[in-house]
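Asks: I am attaching a structure below and will ask some questions about it afterwards.
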Amino acid sequence: MTPPPGAEPPPATRPGPPARSWKRRAGRRGPRLWPALAAPGTLWILALFAVPFYAVAAVAFGYTDPIFNSPVPEWDPRYWDLTAFGEIVRRSLYGDLQPVFLRTLLYVGAALAVCVLLGYPVAYYLARHAGRRRGLLLALVLAPWWINYITRMLAWLNLLQDDGYVNDLLLFTHIVSEPVRWLSGNPYTVVLALIYGYIPFFIVPLYSTLDRVDERLLEAARDLGCSGRRAFWHVTLPLSRHGLMTASAVTALPMFGDYYTNTLVSGSPTTTMVGNQIEFYLLGGTRKELGASLVLLLSALLMALMAYYLIASRRAETDLT
Amino acid sequence: MVLAAITWAYVIWSLVPVLVAIQFSFNAGKSRSSWQGFSLRWYAGDPNSVAADPSLRLALVNSLVLAALTTLVATPLGVALALGLSRWRGRTSRVSNGLMLLPLATPEIVMGSALYLVFTNLYLFIPLGRPAQLLGHVTFSISYVVVIVRSRLASIGEEYETAARDLGADRLTALRLVVLPLLLPAIFASAMIVVASSMDDFVISSFLSPDASSVTVPIKLYSAVRNSPSPALNALATLLLAGSALALFLAWLVLRRRGASDALKEMATM
């Protein structure tokens, strides 16, 4: 085999003390090559992820220009002004934002509960019993993942119109006597839309955990006299705890920041969520420091949730070993 | 069996609405709720069709251009970062490693707001619109590329590279002649996934779009669906769907060599 152009000859054929010079050269070149490869991407993420996050803080803790009455970001932490952030915290605890936070929590909680109740059986069937149809089913379950989110909502908007297919069906089967008004501030529609939007993100990580559960453990449980149901409760369910938590985190995080689902299927102030308030203050009004404060508050809550998830999932892993 | 019934019911529930929406993009009438026969008028021909309406056409072009540019920038950056991070050991590399994963765990609204505020307050030389959208899309796409390429790097192992080096190739040559060709399927697949996720993104594009000139397909669907619904929107959504389906199909074809369900699983772990 001819050595590739530009390469030095194999060290064994070289006279003198080849091993050391070869090693020295690699040692010189290597440590510099890898950081050099990683540098552009790292700098990119620093400049366009870390710095922007700092910009949120700078705007939230900035001051209001007395002449133009417009918010001015403060980049120096020594001069940060906590007035706007304090206002947001106060309003979230006692004021007009309190119901918004509670509503967000309620909607996300309800949607997540249905995701568990519906998603677990689907993931379980897919991992354990799908048999020959598994490839097909997996592809079908994955499909919504890659259909544009807004398109999927658009699909429901078509179906849920006053004269749409859903009302046709409900009227035809005499479940309701007049068309349900789904799309004007109906909280059930918002929760259903959230479930529909995010459940694929719940099923897939759960499936991959259930798929890895060792079949022999279940056989052992059965050999020791466990019924199928007891084997599920005592073997499969504890083993899938980690997957359940991952799936919940993966679905809950984006749901907390969702505003477009709500706008699309409801658009009414009676179903406003935190995300809608952020959008309103940042893109709509002149009080961007309030929007930025709200982003900080939401991020803090989500980080607490993430920290809990990381601790709990580490505990779940050590419990297994 | 109950589980089978639940699963099939779920699949039908999750896909049929979209199929109905696609069906109505071919409706001969103006309605989105009653079927009046097959026609292609909402794609081309009608003055309000995707081909004739300038705002719909612009949205489609914007989405495609943005996806192509994002892929061109994000793929090389991500591949280099993945190679660097998988071999480079040190404290800085651990920081960079954690930093790289953060965009995946950040809700889009937080990232969208942060980018919006940084472009309007600090990076004033980058105007909102396509330039800002491109930078934003690349930021969330890099992590995808890194995750896919690194998992492939881990499964290749270091043996081939060591063998090349024993045969006298230096690190860069080994990388170019041995590792990169082995990585090619993963690189292509991650590029296609970047295309699809860029075309599908709504939140980042929308926060960074100041006016009608930088509207992408998801933004157009979002703003028009409540104000001026028409089957042309369904046609636009169908075209977007076809675009990302094509990209993902290509990714799947390349990954398939390692078994179809493995490839699906790999795309699932994204």
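Any Cβ shown, glycine's included, is placed from N, Cα and C.
Keep in mind that TrEMBL annotations are predicted by a computer and have not been checked by a curator.
Computed from a predicted structure; not experimentally measured.
Annotation comment: TrEMBL describes A:1-18 as compositional bias 'Pro residues'. Residues or ranges marked as region 'Disordered' by TrEMBL: A:1-27. For A:33-63, A:100-123, A:135-157, A:188-210, A:231-256, A:290-311, the entry in TrEMBL reads transmembrane segment. The feature domain 'ABC transmembrane type-1' is assigned by TrEMBL to A:101-307.
Can you tell me where each of these features sits in this structure?
Replies: Remote same-chain residues near the transmembrane segment (A:33-63) are listed as 71-75, 77, 80-82, 84-85, 288-289, 292-293, 295-296, 299 (criterion: CB distance under 8 Å, separation of at least six residues from the stretch ends).
Away from its own ends, the transmembrane segment (A:100-123) comes close to residues 92, 141, 187, 190-191, 194-195, 198-199, 202-204, 206-207, 210, 244, 247-248, 251-252, 255-256, 271-277 of its chain (Cβ-Cβ under 8 Å, at least six residues beyond either end).
Beyond the transmembrane segment (A:188-210), the same-chain residues lying 6 or more positions past its ends with a Cβ under 8 Å from any Cβ of the stretch are 107-108, 110-111, 114-116, 118-120, 122-124, 126-128, 138, 141-142, 144-145, 149, 152-153, 156, 160, 182, 236, 239-240, 242-244, 246-248, 250-251, 254-255, 258, 261-262, 264-266, 271.
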Asks: Would you kindly list the residues that approach the transmembrane segment (A:135-157) from elsewhere in its chain, counting only those six or more residues past its ends and only Cβ-Cβ distances under 8 Å?
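Replies: Hits for the transmembrane segment (A:135-157): 122, 126, 183, 193, 196-197, 200-201, 203-204, 207, 260-261, 264-265.
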